[in-house]
Amino acid sequence: MTLDFLDDTQVEYEQAVSQTKFGKFHFFLLAVCGLIYLNTAVGITIISFVLPSATCDYRMTSVDKGWLTAAPMLGMVLGSYFWGCLADTKGRKYVLIISLLLDGICGILSSISQVYGLFIFFRFLNGFGITGAMAICFPYLGEFQSTKYREKILCWMEVFWTIGIILLPLIAWLIIPLHIDITLFGIIKFHSWNLFVAICAIPSILIAIWLFFFPESPKFLIEVGDADEALDILKDIYHMNTGRPKSDYPIKSLKEKEREKNNQNLAVPSLRSLNLRKPKHLNILLKEIWEQTKALCKAPHLKNTTLTCAIQFGLTASYYTLMIWFPELFYRFEEYEAKNGDAEASVCIVSSIVLRENEEFCGNPIDNDVYWHTVIIGLSCIPTSLLLPVCIHRVGAKLFIFFSLVLAGAATIGLYFVKNAAENLVLSCIFEALTSLGISTVYCVMVDLFPTNLRVMAAALSLTFGRGGALIGNLLFGFLIDLNCVVPIIIFSALLFISGILCLFLPSTGREALN
């Protein structure tokens with residue numbers, strides 16, 4: 001049976017993308033999006049190894065470290081919605097490239113910053129850039145998939161995040177212990193941790209260059225009225241996946257979205273064609289952004305918008321705060337045990353003792369066990385990363401999120417009761433494996449919850465709330481870790497429990513075509 005009867009019929013996007021088959025293009029796309037997500041894991045958690053290493057150079061107190069960890073989060077708060085609006089109006093690929101280039105360039109500049117305030121500023125810009133890539137890579141990947149493969153492919157992104165969490169301490173372990181003390185131009189002092197920051201910034205630039213060879217999302221192109229260009233891209237994907245000529249692609253016409261008319265009954269120009277230097281076009285763009293924002297805040301999207309924002313706030317606040325501070329806590333345990341042998345003490349006691357003994361800001365170099373413990377945390381995520389795409393259809397995404405967050409909340413409470421570095425490591429592994437699983441699954445769910453014209457903006461809005469939580473969390477942790485560390489433990493565990501319960505109110509996903 002042939003599909004010739006479709007030749008002169010405008011078909012829905014789901015049917016058209018299914019006809020491209022699943023093949024080589026989709027694997028390349030998964031690779032580039034996965035590397036973006038991997039790079040995001042590195043970019044967000046890199047500060048965790050900079051904290052102990054740069055303490056002496058910048059003479060940082062715990063409060064200073066709190067501000068440093070909060071700076072990228074503030075950039076993410078301000079950048080999330082900005083990039084989301086841009087991606088839903090100018091294109092996914094365009095924003096991915098710009099945000100990655102910004103992250104890479106600012107990362108290199110931060111590596112040569114000699115002043116604490118300037119370093120914080122560039123890390124703020126890093127956060128501003130990397131959040132755009134993080135918010136968009138899931139929708140960009142998902143919009144190329146048919147319903148049959150979409151949820152499973154999106155879940156494989158968690159594997160790349162896990163690889164990033166494993167690679168980062170290995171790179172740090174390789175570079176930071178080196179004895180590098182170089183002075184450039186008589187004013188720029190360059191140590192091993194500076195080299196570490198610079199090397200971690202380079203992949204963003206390389207991935208951005210690779211993205212130039214990928215197409216814009218056909219689903220987005222249809223949404224903004226460029227159906228012919230979308231059809232050409234689908235033909236290219238068909239040719240790449242099947243090896244057959246593009247002329248054999250059975251779909252000849254795509255169903256277009258009805259274009260709005262202005263007062264002269266003329267179609268409003270495509271949002272991608274708008275020239276932002278023209279006041280009239282800028283007005284059209286701002287009006288569209290405002291209308292889309294209002295759409296997210298009223299029925300039928302208000303419930304899903306509220307739930308995803310609340311879940312992201314609690315989950316992200318807990319995850320990014322504790323993950324960034326784990327190497328610092330490992331460092332403090334190693335410092336304590338080096339001086340006190342096998343004497344057991346809780347996290348709170350260890351932190352206060354090490355702080356008093358290192359008032360001169362310059363403690364010992366990071367012990368190799370700190371790097372090794374962080375690698376183990378990353379390795380602990382492999383089983384859950386592989387389990388997610390295999391079982392997601394059978395169990396359901398929201399149940400996955402619920403159980404992972406509730407168990408992560410219990411692990412967070414357990415941090416108060418640990419008495420040595422080994423117990424701290426075990427609970428840290430459980431926490432990382434479960435919370436990273438929850439974060440990736442939330443991103444997968446959001447691709448299905450919102451229509452194309454609101455998808456990235458909705459993800460960006462929820463990320464804004466999530467990064468706001470991370471910002472507040474890092475500041476609180478920096479202030480409270482040395483004063484009363486039981487308080488942040490209670491706060492973060494409660495946030496995880498609440499986020500887990502809220503997940504039960506999400507609709508089921510992964511069974512229908514993208515809206």
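Each Cβ is built from the backbone N, Cα and C atoms, and glycine gets one as well.
Unlike curated records, TrEMBL annotations are generated automatically.
The model shown is predicted, which means the values in this text are computed figures rather than measured ones.
Straight from TrEMBL, the features:
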TRANSMEM  27-51  transmembrane segment
DOMAIN    29-511  domain 'Major facilitator superfamily (MFS) profile'
TRANSMEM  66-87  transmembrane segment
TRANSMEM  94-112  transmembrane segment
TRANSMEM  118-141  transmembrane segment
TRANSMEM  153-175  transmembrane segment
TRANSMEM  195-214  transmembrane segment
TRANSMEM  307-326  transmembrane segment
TRANSMEM  370-392  transmembrane segment
TRANSMEM  399-418  transmembrane segment
TRANSMEM  424-446  transmembrane segment
TRANSMEM  458-480  transmembrane segment
TRANSMEM  486-506  transmembrane segment
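Per-residue confidence over the domain 'Major facilitator superfamily (MFS) profile' (29-511) averages 79 (mean pLDDT, predicted model). Within its own chain, the transmembrane segment (153-175) is flanked in space by residues 26, 30, 33-35, 37-42, 45-46, 49, 137-138, 141-142, 145, 192-193, 195-196, 199-200, 327, 368, 371-372, 374-375, 377-379, 381-382, 384-386, 388-389, 392, 432, 436-437, 439-441, 443-444, 447, which lie at least six positions past its ends and keep a Cβ under 8 Å from the stretch. Between the transmembrane segment (370-392) and the transmembrane segment (424-446) there are 3 or more Cβ pairs closer than 8 Å, counting only residues 6 or more apart in sequence, so the two stretches are in contact.
Counting Cβ pairs under 8 Å that are 6 or more residues apart, the transmembrane segment (118-141) and the transmembrane segment (27-51) reach 3 or more and are in contact. Within the chain carrying the transmembrane segment (195-214), a Cβ under 8 angstroms from the stretch's Cβ atoms is held by residues 28-29, 32, 35-36, 39, 42-43, 46, 49-50, 53, 93, 96-97, 100-101, 103-108, 110-112, 129-130, 133, 168, 171-172, 175-176, 178, 180, all 6 or more beyond its ends. The stretch in closest packing with the transmembrane segment (486-506), judged by the count of Cβ pairs under 8 Å and taken from 27-51, 66-87, 94-112, 307-326, 458-480, is 307-326. Counting C-beta pairs under 8 angstroms (sequence separation of 6 or more), the transmembrane segment (27-51) reaches the transmembrane segment (307-326) with 3 or more such pairs.
The transmembrane segment (399-418) is not in contact with the transmembrane segment (458-480), judged by fewer than 3 CB-CB distances under 8 Å for residue pairs 6 or more apart in sequence.
For the transmembrane segment (307-326), the partner stretch with the highest count of Cβ pairs under 8 angstroms, out of 66-87, 94-112, 458-480, is 458-480.
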